[in-house]
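Features as listed in Swiss-Prot:
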- 18: active site, proton donor (ACT_SITE)
- 29: active site, nucleophile (ACT_SITE)
- 41, 42, 43, 44, 45, 46, 47, 72, 93, 94, 95, 102: substrate binding site (BINDING)
- 10-86: disulfide bond (DISULFID)
- 13-118: disulfide bond (DISULFID)
- 15-21: disulfide bond (DISULFID)
- 26-35: disulfide bond (DISULFID)
- 48-68: disulfide bond (DISULFID)
- 58-64: disulfide bond (DISULFID)
- 82-100: disulfide bond (DISULFID)
- 3-118: domain 'I-type lysozyme' (DOMAIN)
């Protein structure tokens, strides 16, 4: 995974939560496609600075997709006032800008912590 403000362990847990940390291709989710290891939507990829050659090819690369997550968190997590630890990052990943403040992302965080090796992840 790419380095950045999100710890490697946290990235691994988000990856496991989204796809079992496999390139699972694209799936329709809430009216738009989510792709790859981190189930990245095209708008998220644009917000993370469009790394790689295209949205779908980046999402299909664990390194590029993790770089996108790192860039997204650098852009939004602090701005949104999220706690700069895994809970804030995971909820932001799930809920978009200001996702860490949305009640709808609490269940995502609780499910992520039940993944083997992810309880109490920072």
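Yeah, the Cβs are placed from backbone N, Cα and C, and that goes for glycine too.
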Inquiry  = Suppose we draw a 10 Å sphere around the Cβ of residue 41 (substrate binding site). How many other Cβ atoms does it contain, all chains included?
reply    = 20
Query = Max Cα-Cα distance in Å among 41, 42, 43, 44, 45, 46, 47, 72, 93, 94, 95, 102, the residues listed as binding substrate?
reply = 22
Query = From the Cα of residue 35 (disulfide bond) across to the Cα of residue 18 (active site, proton donor), what is the distance in angstrom?
reply = 10
Ask   = What is the total of other Cβ atoms whose distance to the Cβ of residue 64 (disulfide bond) is within 10 Å?
value = 22
Request  = Give the residue from the recorded positions 43, 68 that has the most other Cβ atoms within 10 Å of its Cβ, counting over every protein chain displayed.
outcome  = 68
Key: Subset of disulfide-bonded residues (58, 64, 68) lying within 10 A of residue 47 (substrate binding site), CA to CA, in sequence order   = 68
Candidates 29, 41, 86 (recorded positions) - the one closest to residue 68 (disulfide bond) by CA = 41
Query = Within 10 Å of the Cβ of residue 13 (disulfide bond), how many other Cβ atoms are there?
reply = 24
